[in-house]
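The annotation signal peptide is assigned in Swiss-Prot to 1-22. Under the heading disulfide bond, Swiss-Prot lists Cys49-Cys63, Cys56-Cys66, Cys62-Cys71, citing similarity to another entry as support. Taken from Swiss-Prot, the feature 4-hydroxyproline applies to Pro55.
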Amino acid sequence: MKLTCVVIVAVLLLTACQLITAEDSRGAQKHRTLRSTARRSKSELTTRCRPSGSPCGVTSICCGRCYRGKCT
């Protein structure tokens with residue numbers, strides 16, 4: 001019974017701490033888009049879509065549209 005109470009109190013304290021820190025950090029990151037694109041390499045930024053004539057499927061993204069397994 002004591003162990004159950006201790007576990008419940010610990011979970012409540014940890015939850016409260018997470019909620020407090022989440023509210024404090026709200027709006028702290030000013031430039032989200034700048035930071036997310038800075039982590040990407042140049043090859044990831046330039047090869048987002050496949051050119052026309054390339055094979056396409058579920059996992060590949062065409063610059064135009066995928067028609068019968070080829071980018072158009």
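The backbone N, Cα and C atoms fix where each Cβ goes, and this holds for glycine too.
Counting only the Cα atoms, the space from Cys62 (disulfide bond) to Cys49 (disulfide bond) is about 5 angstrom. In three-state terms derived from DSSP, Cys63 (disulfide bond) belongs to neither a helical nor a strand segment and is classed as coil. Checked against Cys63 (disulfide bond), the recorded positions Pro55, Cys56, Cys71 differ in C-alpha distance, with Cys71 being the nearest. Non-local contacts of Cys49 (disulfide bond) by the CB criterion (under 8 A, 6+ apart in sequence, same chain) comprise Ile61, Cys62, Cys63, Cys71. Within 10 Å of the Cβ of Cys66 (disulfide bond) there are 17 other Cβ atoms, across all protein chains. In the three-state DSSP assignment, the secondary structure recorded for Cys49 (disulfide bond) is coil. Of all the Cβ atoms in the protein chains shown, 19 others lie within 10 Å of the Cβ of Cys71 (disulfide bond).
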